[in-house]
Amino acid sequence: QVPFTVLQGEGVEYLGHANDAVIAISNYRLHIKFKDSVINVPLRMMESVECRDMFQLHIVCKDSKVIRYLCHFSTFKQCQEWLKRLNRAIARPAKPEDLFAFAYHAWCLGVCVDEEDQHAHLCRPGDHVRYRFEMELVRMGFDLQNVWRVSDINNNYKLCSSYPQKLLVPVWITDKELENVASFRSWKRIPVVVYRHVRNGAVIARCSQPEISWWGWRNADDEYLVTSIAKACALNPGVKVPGGMQHNGSSDGSEACDADFDSSLTACSGVENAGTPQKLLILDARSYTAAVANRAKGGGCECEEYYPNCEVVFMGMANIHSIRNSFQYLRAVCSQVPDPSNWLSALESTKWLQHLSVMLKAAVLVSSAVDREGRPVLVHCSDGWDRTPQIVALAKILLDPYYRTMEGFQVLVESDWLDFGHKFGDRCGHQEKVEDQNEQCPVFLQWLDAVHQLLKQFPCLFEFNEAFLVKLVQHTYSCLYGTFLGNSPCEREMHNIYKRTCSVWSLLRAGNKNFHNLLYMPGSEQVLHPVCHVRALHVWTAVYLPASSPHPLGQDDMDIYLPPGSQSQEFSGRCLDRLPKTRSMDDLLSACDSSSPLTRTSSDPNLNNHCQEVRVGLE
């Protein structure tokens, strides 16, 4: 008999026993039931499985958790059999449809076949996500009549498969010029505008590296486009406040910035004349050495001599290989029994907090250039889909309080990460038919950690709480939802993922009170100036050290909606809202008693009329 509540769409493939537990492998998760505890691990969350001490399994998870001495088998042969089964279960899928998100959505369709509105509520993001591009253009006040235009050159992804179909550029830049620029930028990822500061008109643009190579190639259209961005900002200035001065939104919190952090903004000291283009800042996330070395592979960086009225700054952020190694060291340190005498030195040796510090400094540099000096900024790294979204999205959170709301944060993730082609499939390790482990890296997790650092420093300025971020970490890898499947918007559209899977935002919706920050003070227009030094940063214990961290509200639970009257094999005849709470792998070491039944009610009372809610452990 299956020892757990089977999710609809979930099929149990293996069922067996160890000396001390019942083990089941489904098409979604590994479930192990001990006498007084339960472990639930989504298969796509698991990075590797090893046999230790001949009779025990050892699991390493992509979100940094390590489960040691999983269960004890009576023989070495039995342990090897289960090891092979698990390795087959966690292997890369042969096709996207093998991921559980598709089966789960198919069940949702069956449940709500006569209730389309309810289905849309449970499985679809809101209009703020679906129509985000148009709504953002209006919200940020772009002058689409005289200064800016939306180009359809990437319609059906014919120019760049990793870019959205609608691109914002200065109105006088033609599509022919954009085609020429695409031939000069890596992966045809041209400079496009993604944010406008309402009060001073400065914008943030993003792209990939120019293909200078050792030959020192130039492209007149590329140089023209970059300088045109600064000119367009001057023609579409911000909204002036009474007194004749443009309000820059800075706050008294600026003293909290690192005293030894030189922004290198040497050109301008403020918005003096809306008719004069400000000196554009080109922020290259790489080090100067790495940027020059890329010329050997056909890449490179902009030369200030060829880009008039521009300044190039290099941030020295590490590439994905260094970040992956740092994360592996962090995971190893956090999975061991801590030694108080060398814990801090071991943590420092991982360089994880140092990498976070550099990312925060890069975002502060962009934010300061835009807010304090009214300067447009162009951000890129090598390909423009890893370090670039980290910097741009973080800077937008610093600048704009809208992105600190639950709704705005969803728009931010969809716009800067999903629409602009962050390779979630490769970086998270669930892309089909790809065995190159060098492509795997917790880039998005690292960015969420940086957001967590901001939440720590400004606890009253975010509408969502830590549980919201923790749940987002989990479902980045779980493949229960289709939001983070695929490598690009073109790929997701080709597989029709939007219509064939549920959205993670249906769980992390604004109406879910479990993820609301009770300290939140709405209405604040404060621009954030965080302390970026390593000594001000914290290890994210809720993710990296869950056994030693008090769980944020809602961290252990996930909303799973079942049809009225549905029954599992184990809980047949039992009321679904009186289920015993299963222990997740986060709780295994806490040794709390979980035998007493808990009453669970929906966080949204309106849903109780349509379905009952079962909360299971970490999904």
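Backbone N, Cα and C define each Cβ position, glycine as well.
Under the heading active site, phosphocysteine intermediate, TrEMBL lists C381. Counting every protein chain shown, 28 other Cβ atoms lie within 10 Å of the Cβ of C381 (active site, phosphocysteine intermediate).
The feature substrate binding site is assigned by TrEMBL to N294, R295, A296, K297, N319, I320, C381, S382, D383, G384, W385, D386, R387. Cβ contacts within 10 Å of W385 (substrate binding site), excluding its own Cβ and spanning all protein chains shown: 25.
For 127-544, the entry in TrEMBL reads domain 'Myotubularin phosphatase'.
Counting residues per DSSP class in helix, strand and coil order gives 29 helix, 4 strand, 12 coil for the domain 'Tyrosine specific protein phosphatases' (350-394). Annotated domain 'Tyrosine specific protein phosphatases' per TrEMBL: 350-394, in sequence order.
Applying an 8 A CB threshold to same-chain residues 6+ apart, the list for R387 (substrate binding site) reads A285, R286, M317, M359, C381, V443. With the fewest other Cβ atoms inside 10 Å of its Cβ, the least crowded of the binding-site residues N294, N319 in this structure is N319.
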